[in-house]
Amino acid sequence: MGSNTEATEIPKMPLKIVFLTLPIAGHMLHIVDTASTFAIHGVECTIITTPANVPFIEKSISATNTTIRQFLSIRLVDFPHEAVGLPPGVENFSAVTCPDMRPKISKGLSIIQKPTEDLIKEISPDCIVSDMFYPWTSDFALEIGVPRVVFRGCGMFPMCCWHSIKSHLPHEKVDRDDEMIVLPTLPDHIEMRKSTLPDWVRKPTGYSYLMKMIDAAELKSYGVIVNSFSDLERDYEEYFKNVTGLKVWTVGPISLHVGRNEELEGSDEWVKWLDGKKLDSVIYVSFGGVAKFPPHQLREIAAGLESSGHDFVWVVRASDENGDQAEADEWSLQKFKEKMKKTNHGLVIESWVPQLMFLEHKAIGGMLTHVGWGTMLEGITAGLPLVTWPLYAEQFYNERLVVDVLKIGVGVGVKEFCGLDDIGKKETIGRENIEASVRLVMGDGEEAAAMRLRVKELSEASMKAVREGGSSKANIHDFLNELSTLRSLRQA
């Protein structure tokens, strides 16, 4: 009887959501996975981007559930290369080869605001899910009468840290950059060295103004979608709701919803290498798709990994700088790579890799990371204790979550925030620190055992969150039901 009733029901028009992503690999991947997650639920999802970014997005979509494609599409806005002085095809911050390209890409994104608005009007969506770096979408959404929801690539904890800092200005109460500050009113006692706060927090810059615009736009938004899950940051989710009054939907880990099946030509050789290693014996090392260390820091990383006594996979982006010629003659990344190949002690990879494929391999037992939110969350989902090496963005906040709150990792001892163009220039982390941190996390001591136990529990909780009845799954249903209600009210 029930099946006959269902068969005669008039199908509802599917919801339509437009997604806007900042053109940088990490942001794009998480937006694609979020759009794919909603597409699984029958939502018509449209990602708006520029032509050069299509191959990355297409590849990311093809690695997910095949049924997603009927509900997920890509629409294009041309990028103004000539107007901003960039060569054709440079439309992504990950493609930057010199510092002056970044502001040109940003200028290009501002130029295409109007054609992007026109395209959104043509699509006539029920909701705009916007990367935080498009604050203009807040007023635009109000203009066309649909909810604008912010997509946050980071978690609740760093958002709460930033709210505490901008509300209470604890950094202004100390004189020296090497002094510690306490972040007031947070659920846990959080201390940070002043020098690890972003430079635009310590001293006003153009980026400070942008962040004020982003914060103001967020407060005018309908709510925030966050790639996290309740059991990871429940106290901070409640804190954020209370201090901002915003609706929050934690829907992660996003990567678990879509069942990403990453493959890459040549990856069979890497898997074969890992298959020959013992359970939990290899540490995975990666600093994301943007960071490039200068030669002297690469040398310290190499020495620290080698002397740790643990096998490793190191995914590296070498700096374009040549460094000191005498040092280059004595040591080079290529020489180290060949040495590790001969000793079978390490795998050095100088290209993009399917990270989840590595993290989920049984031989991987830990991770050395820049603590970018997405990478950190993938490590936690895989049940790996972390060695933290924050560099920029919200990564120093993430380190405090990992080390002080969750207690699932240790830091290498970074003491100063750096911009993308200053990586490895302000501060050099010595091989001794790297070796000691890797030994601690990968060792068999009580502290390491406790970390592994805690992160395994979080891993299980992350998987439970995305199952039917789990917190993230429920939040997705609540979000889509709310959009349906809002659409009905608009059409009434």
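Every residue gets a Cβ built from N, Cα and C, even glycine.
Annotation comment: Swiss-Prot describes His27 as active site, proton acceptor. Per Swiss-Prot, active site, charge relay is recorded for Asp131, and the stated evidence type is similarity to another entry. Per Swiss-Prot, the feature UDP binding site maps to Trp352, Val353, His370, Thr375, Glu378, Tyr392.
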Can you tell which of the recorded positions (His27, His370) has the fewest other C-beta atoms within 10 angstroms of its C-beta?
His27
Given Glu378 (UDP binding site) and His27 (active site, proton acceptor), what distance in Å do their CA atoms have, once rounded to a whole number?
14
Count, for each of the binding-site residues Trp352, Tyr392, the other C-beta atoms lying within 10 angstroms of its own C-beta, and report the residue with the smallest count.
Trp352
Using a 10 Å radius around its CB, how many other CB atoms surround Glu378 (UDP binding site)?
24
Grab the UDP binding residues from the record (Trp352, Val353, His370, Thr375, Glu378, Tyr392) and give me their largest CA-CA distance in Å.
22
Please report the DSSP secondary structure of Asp131 (active site, charge relay), reduced to three states.
strand
Where among the recorded positions Asp131, Val353, Thr375 do you find the Cβ with the fewest other Cβ atoms within 10 Å?
Val353
Given the recorded positions Asp131, Trp352, Val353, Thr375, Tyr392, find the one whose Cα is closest in space to the Cα of His27 (active site, proton acceptor).
Asp131
Reduced DSSP assignment, Trp352 (UDP binding site):
coil
